Amino acid sequence: MKLNKYIDHTLLKQDAKKKQIDSLLSEAREYDFASVCVNPTWVEHAKKGLEGTDAKVCTVVGFPLGATTSAVKAFETKEAIQNGADEIDMVINVGALKSGNLALVESDIRAVVEASGDKLVKVIIEACLLTDQEKIVVCQLAQKAGADFVKTSTGFSTGGATIADVRLMCETVGSDMGVKAAGGARSYADALAFVEAGATRIGTSAGVAILKGELADGDY
């Protein structure tokens, strides 16, 4: 199994330096990862750094709280794509979901999907904050809104991906959508377990260590 093609090689820390981003890009070129995932401010730099490779540039929208308005998320999406983003990982409005305002949750996702054009949209549900029923509901809403993936976590909340969450999300969306496990893979065994549970993408800062079969010390 080519695990490298499952990995979104990630650096989303707010204090990330240019040299760290450059290292991320160099590793993506060397290990042929599916994508790099960086904050919007680094998208243009990442696009230039990955020219001539198959690696995509993934960025985040409404990150990490999901509490900006739909209009702001749509603008972020459009600007990111103009700057070279190939994939958008957006955070849902968790508060709206918890309040039972499902129409707002769906329209919020749809705003990003519509702004993204033909680019891939992954919907971060922040599973660690949700009940199982809420996880099911929001995955269904993401599917209804036309998103391409559901994603477990930002990596900035109280927990990351779990095998149980990945299985539940896969069962909910079926084969129509991808499932991204983020914030829980720190070793080759972890990554393999997520793939075996149904994950089609893994978000991690430990991509190199995973491929080397080493235990990583990163949180995301």
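Cβ atoms here come from the backbone N, Cα and C positions, even for glycine.
Annotated features, as they stand in Swiss-Prot:
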- Asp89: active site, proton donor/acceptor (ACT_SITE)
- Lys151: active site, schiff-base intermediate with acetaldehyde (ACT_SITE)
- Lys180: active site, proton donor/acceptor (ACT_SITE)
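In this view, Lys180 (active site, proton donor/acceptor) is surrounded by 29 other Cβ atoms within 10 Å of its Cβ, with every protein chain counted. Using a 10 Å radius centred on the Cβ of Lys151 (active site, schiff-base intermediate with acetaldehyde) and all shown protein chains, the other Cβ atoms total 29.
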